[in-house]
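**Q** Below are the features listed in TrEMBL for this protein:
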ACT_SITE  R193  active site, involved in ionization of N3 of dUMP, leading to its activation
BINDING   S63, R86, H87, R88, E94, N182, P183, R184, H188  FAD binding site
BINDING   E83, F84, M85, R86, E94, I95, S96, G97, R98, R166, R193  dUMP binding site
Amino acid sequence: MPTKREPTFTSASTVELYRASANDLDVARAAWVSQDAAAHAKEAQEGRVEGLIRFLWRNRHTSPFEHGQFTFVVTTPIFVAREFMRHRTFSFNEISGRYTELPDRFYLPPADRPLRQEGKVGSYRFEPGDEQQVALVRETITESTRCAHAAYRRLLDAGIAREVARDVLPVNLMTSFWATTNPRNLMHFLGLRTAPDALHEIREVASQIEQHFAQQMPITHRVWREDLGARG
Ligand SMILES: Cc1cc2nc3c(=O)[nH]c(=O)nc-3n(C[C@H](O)[C@H](O)[C@H](O)COP(=O)(O)OP(=O)(O)OC[C@H]3O[C@@H](n4cnc5c(N)ncnc54)[C@H](O)[C@@H]3O)c2cc1C
């Protein structure tokens, strides 16, 4: 007898820092590699790291930022994962809908998520919905998700392969993946995905990633942020 399973809903993505091998001093050390080691030690002691990082970033001497590594575990809806995976310089591994039953967890936009798109291509603004629109969005997504989830369970219960049964699932299904990259490519990702015109949900993911980055490489993060702000 198949067990009845209900979908659950979340309004949040999560980002866990699985591992980081990256810090500010290594950026400076990579830049100093061809110079005198004793002088480098002295420079590091004298707090010259920030000045050097500013110089490197200002002059787009970016290879010293490529030696570290960050691995994140991201849990987010499929429609966000699709945007994330456009970033080809990351390495990815994602939960498989062929080898496992997919989670019963789905994304439901929070009540304060902007709902109305105004303006023209290239200069869209997103405004909050009124009470009725908020209710309509939440009820419609809940209902259609329940329907799709029931269809998935029905196919699985009838012995249909997971890789076929998943065809009925919607893009608000929560997925999980590992994403690994170096600091230079991470900054490129953050520049695009924390920008005001990026999708609301990927901005939330990017903002969590930025917090991990800032904790791990505070000087590089500060220099990069200031530069981004100055360039508008
Ligand atoms: C606001 C926004 C809206 C978007 N809208 C759309 C859309 O409507 N439709 C759509 O299809 N995509 C869309 N995208 C995705 C966008 O076109 C990029 O694919 C995505 O942002 C990844 O950027 P990237 O190629 O710079 O990054 P990465 O893939 O991480 O690459 C990093 C850098 O490596 C270099 N690089 C990597 N691969 C190549 C290559 N093959 N050739 C040359 N250089 C390379 C480039 O310098 C690139 O900037 C959108 C992105 C954003 C931020």
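Cβ coordinates are placed from backbone N, Cα and C, and glycine is handled just like the others.
All TrEMBL annotations are machine predictions without curation.
Mind running through what each feature is packed against?
**A** The secondary structure of R193 (active site, involved in ionization of N3 of dUMP, leading to its activation), as reduced to three states from DSSP, is helical.
Summarising the environment of H188 (FAD binding site), the number of other Cβ atoms within 10 Å of its Cβ, over all protein chains shown, is 15.
For R98 (dUMP binding site), the same-chain residues lying six or more positions away in sequence with a CB closer than 8 A to its CB are A161, R162, E163.
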**Q** Of E83, S96, R98, P183, listed as binding-site residues, which ones have a Cβ less than 6 Å away from ligand 1?
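**A** None, by Cβ distance under 6 Å.
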**Q** About how far apart, in whole Å, are the alpha carbons (Cα) of M85 (dUMP binding site) and E94 (FAD binding site)?
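**A** M85 (dUMP binding site) to E94 (FAD binding site), Cα-Cα distance: 10 Å.
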**Q** Name the one residue among E83, S96, R193 whose Cα is closest in three-dimensional space to that of P183 (FAD binding site); these are the recorded positions.
**A** R193
**Q** For E83 (dUMP binding site), which residues in the same chain are close in space, meaning a Cβ under 8 Å from its Cβ, but six or more apart along the sequence?
**A** R193, L199, I202
**Q** Would you mind reading off the Cα separation of S96 (dUMP binding site) from H188 (FAD binding site), to the nearest angstrom?
**A** 28
